[in-house]
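Worksheet for the structure shown next.
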Amino acid sequence: MERRRITSAARRSYVSSGEMMVGGLAPGRRLGPGTRLSLARMPPPLPTRVDFSLAGALNAGFKETRASERAEMMELNDRFASYIEKVRFLEQQNKALAAELNQLRAKEPTKLADVYQAELRELRLRLDQLTANSARLEVERDNLAQDLATVRQKLQDETNLRLEAENNLAAYRQEADEATLARLDLERKIESLEEEIRFLRKIHEEEVRELQEQLARQQVHVELDVAKPDLTAALKEIRTQYEAMASSNMHEAEEWYRSKFADLTDAAARNAELLRQAKHEANDYRRQLQSLTCDLESLRGTNESLERQMREQEERHVREAASYQEALARLEEEGQSLKDEMARHLQEYQDLLNVKLALDIEIATYRKLLEGEENRITIPVQTFSNLQIRETSLDTKSVSEGHLKRNIVVKTVEMRDGEVIKESKQEHKDVM
């Protein structure tokens, strides 16, 4: 529209007094061969004088306008060519992006997502299995810890029993030692009593022998000297008394010895039985202690093995969980990158579509402008010979006042394939 206004202003500069009209056609009317368009349809010429000196100025102005319009058309053609090249380039990029988009769609990202989901499900399943195994191992560890605590309690109880048995055994040994000492003391006493009995018997025998010798000497002396009283009965009586006393003492000593020996024998037997029982119990406790020690060592080894296996399982579980987390993060990053790339391609495609739409609109606008300019320029060239210039008589009063009024009417007709598409009319008033 600016170019049209500039052209109209340029035309206004060389149009003389009067009216210039561009003949128009009715919309939809087709031009046949040999049809001439009248650019200015004037009223019938009045009997006046025609000034042909204005034709040269009009021709020069028209040529200048034609040159400027030709330069503008060349510039527009260059710009139009560059736009066409740009449009072709963008269309090629659009086709390439569309092909890439179709290729990406043909890859069926849903199946890829299904594959990722299947792999994620498998990884989650393995993670759940590892978690279950870890929980099971923890339960087994707790059970073994409870068993170990029970065994340790039993070991403590057995240790206490062993200590008690050892204390009892020490007491029994002390009692046995005391009984042995008492037995030895009694044996020494018995030996001393036996020696004393033997000594007393020996003394008694010597006394009896001495008495017998004395009795024999006295009897002989009595027999020799005089008849003395009978001492044999007295000696026999004394002898009988002494023998009875010795026998009684011997019997009492033997009875006392037998009773003491029986008591000591019974005490020794009891102590020996208790000692044997204590030794048997100590041996049983020792065997139980050895068995429990072996069980404890076995359980300790089993516990250490299970703890080592549990640590290995936990470390492997941590490593596998870390690898699964890394794989999951990597898959999520790949999915996110694919989504971002897809969004970027879609955004680029949308931008290219917007650019293409804008270029299509601009091309259509330029095409319409070019067609309008071509139609507008072609009509005056073809009908330049039909221009009719007339000079009207001016009012004396108006001339004397030094003012000249001009009415310029510009009628533009747009044609395509010989058909009138658009017709416009502009009227300008100028005072000189």
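For all residues, glycine too, the Cβ spot is worked out from N, Cα and C.
Swiss-Prot gives the label citrulline to one of Arg258, Arg330, Arg416, namely Arg416. When Ser16, Ser38, Ser291 are compared with the annotations in Swiss-Prot, the one labelled phosphoserine turns out to be Ser38. Within the list Thr7, Thr65, Thr392, the entry that Swiss-Prot describes as phosphothreonine is Thr7. Between Arg276, Arg319, Arg406, Swiss-Prot assigns citrulline to Arg406; no such entry appears for the others, which is not proof they lack it. Here the candidates are the modified residues Ser82, Arg270, Ser323. The one whose C-alpha lies nearest to that of Thr150 (phosphothreonine) is Arg270.
For the region 'Linker 2' (253-256), the DSSP counts in helix, strand and coil order read 4 helix, 0 strand, 0 coil. Distance between Cα atoms for Ser323 (phosphoserine) and Ser82 (phosphoserine): 55 Å, as a whole number. On a Cα basis, Arg270 (citrulline) lies 131 Å away from Ser82 (phosphoserine).
Using DSSP to sort the residues of the region 'Coil 1B' (116-214) gives these counts of helix, strand and coil: 99 helix, 0 strand, 0 coil. Averaged over the region 'Coil 1B' (116-214), the predicted model has a pLDDT of 82.
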